[in-house]
2 protein chains.
Amino acid sequence: MGVPLIMVVTKFNEELPKATAKRLPQYYRIFKQLVADKVDRTNSQEIAKKLGVDSATVRRDFSLFGELGRRGYGYDTVALRNFFSNLLGDSAETNIALVGVGNLGRALIHYRFHDRNKMRITQAYDVAGNPLVGTKTEDGVPVYNISDIKKNLADTNIETAIISVQSDRAQEVADILIDAGIKGILNFTPRRLEVSDDITVQSVDLTSELQTLLFFMQDKKASNQ
Amino acid sequence: MGVPLIMVVTKFNEELPKATAKRLPQYYRIFKQLVADKVDRTNSQEIAKKLGVDSATVRRDFSLFGELGRRGYGYDTVALRNFFSNLLGDSAETNIALVGVGNLGRALIHYRFHDRNKMRITQAYDVAGNPLVGTKTEDGVPVYNISDIKKNLADTNIETAIISVQSDRAQEVADILIDAGIKGILNFTPRRLEVSDDITVQSVDLTSELQTLLFFMQDKKASNQ
């Protein structure tokens with residue numbers, strides 16, 4: 001991945017709560033925006049409001065990293081932006097491979113991860129039957145035959161991959177990716193992947209996201225009756 | 001939405017933890033799969049393994065709903081599938097409108113929400129400049145001009161919408177949707193939407209998902225050093 005291994009600051013250790021870890025990209029985005037808007041400092045209430053959580057959550061999250069702010073002053077936006085940038089490894093370029101160049105795969109290739117972050121899909125893969133294999137997408141990303149992935153990745157520092165194939169191929173693709181040296185997978189299928197402990201999987205299940213929305217809508221209606 | 005308002009069973013109330021609520025679709029998926037696989041009963045260890053959490057979490061989640069299982073027997077898969085189906089309103093059809101028929105929008109229309117769930121994108125919208133307006137997608141979903149949305153939705157029971165436009169249009173689109181009677185939004189832009197308390201927003205931030213993956217990969221590497 002080419003990211004410096006920072007075993008971060010004062011209190012940060014392997015027991016960082018998963019919920020906190022998931023908020024890190026959002027904190028980073030908020031501080032980047034504040035710096036872009038030329039706001040010099042902020043406080044936990046304002047951050048909490050932007051994030052849609054309560055301010056105690058923000059203070060508790062930040063306290064895990066040590067002293068990020070000063071009492072009575074709040075948080076320096078440039079310092080905090082840089083802090084979260086380092087924490088998320090966003091100071092280094094991260095190249096990513098994508099497997100499954102269907103509708104979703106093409107949308108993800110086109111999605112502007114790189115506009116505000118140093119992450120970029122640089123290679124795409126599909127099976128020989130996909131007519132895009134051997135061509136480049138409209139965004140200039142080459143589409144290779146999945147059978148070439150191990151050979152191709154050996155020449156790169158790519159350790160991160162996106163799976164956007166049909167569910168029933170997801171595990172097979174994950175096994176191929178791991179065999180080719182991939183350490184982290186962003187999984188867009190509803191299939192839960194079986195991987196060894198040294199592999200990280202982050203899943204985005206679109207059906208679950210939609211069901212969660214419907215559940216909260218229903219719950220809100222019932223509470224208001 | 002046409003979903004029966006079930007203010008559910010024994011202990012379930014408005015204080016259901018958000019983390020639990022987010023696991024409901026995953027429980028539902030697991031029990032559907034078990035029933036499809038002709039497995040009659042299961043236990044918290046097996047569910048926890050499929051979900052990637054510890055079994056105490058599963059037991060605590062289920063205890064919020066009252067007595068779902070029997071000591072020494074475990075959980076009846078058909079009963080639990082039906083329970084979660086009702087809880088998630090999956091016994092009723094849910095029609096959904098989508099705004100933003102670019103790459104991501106087309107991928108979402110094509111995504112098979114309906115294959116295993118009763119959720120279906122039935123209308124799509126974009127601005128007049130999109131050549132797809134006035135046509136149907138390859139999946140047969142009509143694409144309308146966004147200026148017609150209020151009139152169109154008045155004739156339907158649609159209360160749920162997906163936003164897959166560029167970030168800088170997200171709030172404007174959300175305002176239009178809410179004015180047209182939408183109560184729940186699945187937001188695929190990184191922009192946080194400002195909405196009133198009676199509106200539910202579920203956000204899927206693809207950049208954050210990728211950053212979270214990179215963070216966990218880095219953290220795992222650092223811990224192993």
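The count begins at 1 with the first shown residue.
The backbone N, Cα and C atoms fix where each Cβ goes, and this holds for glycine too.
In TrEMBL, the feature DNA-binding region is placed on A:26-65, out of the ranges A:26-65, A:146-185. Each residue in the domain 'CoA-binding' (A:89-192) gets a DSSP state, and the totals come to 34 helix, 27 strand, 43 coil.
Note: A:Asn103, A:Leu104, taken in sequence order from the binding-site residues A:Gly100, A:Val101, A:Asn103, A:Leu104, have a C-beta within a distance under 8 Å of a chain B C-beta. Compared over the binding-site residues A:Gly102, A:Gly105, the count of CB atoms lying within 10 A of a residue's CB peaks at A:Gly105. For A:Gly100 (NAD(+) binding site), the same-chain residues lying six or more positions away in sequence with a CB closer than 8 A to its CB are A:Tyr125, A:Asp126, A:Ile162, A:Ile163, A:Ser164, A:Val165, A:Gln166, A:Arg169, A:Val173, A:Phe188.
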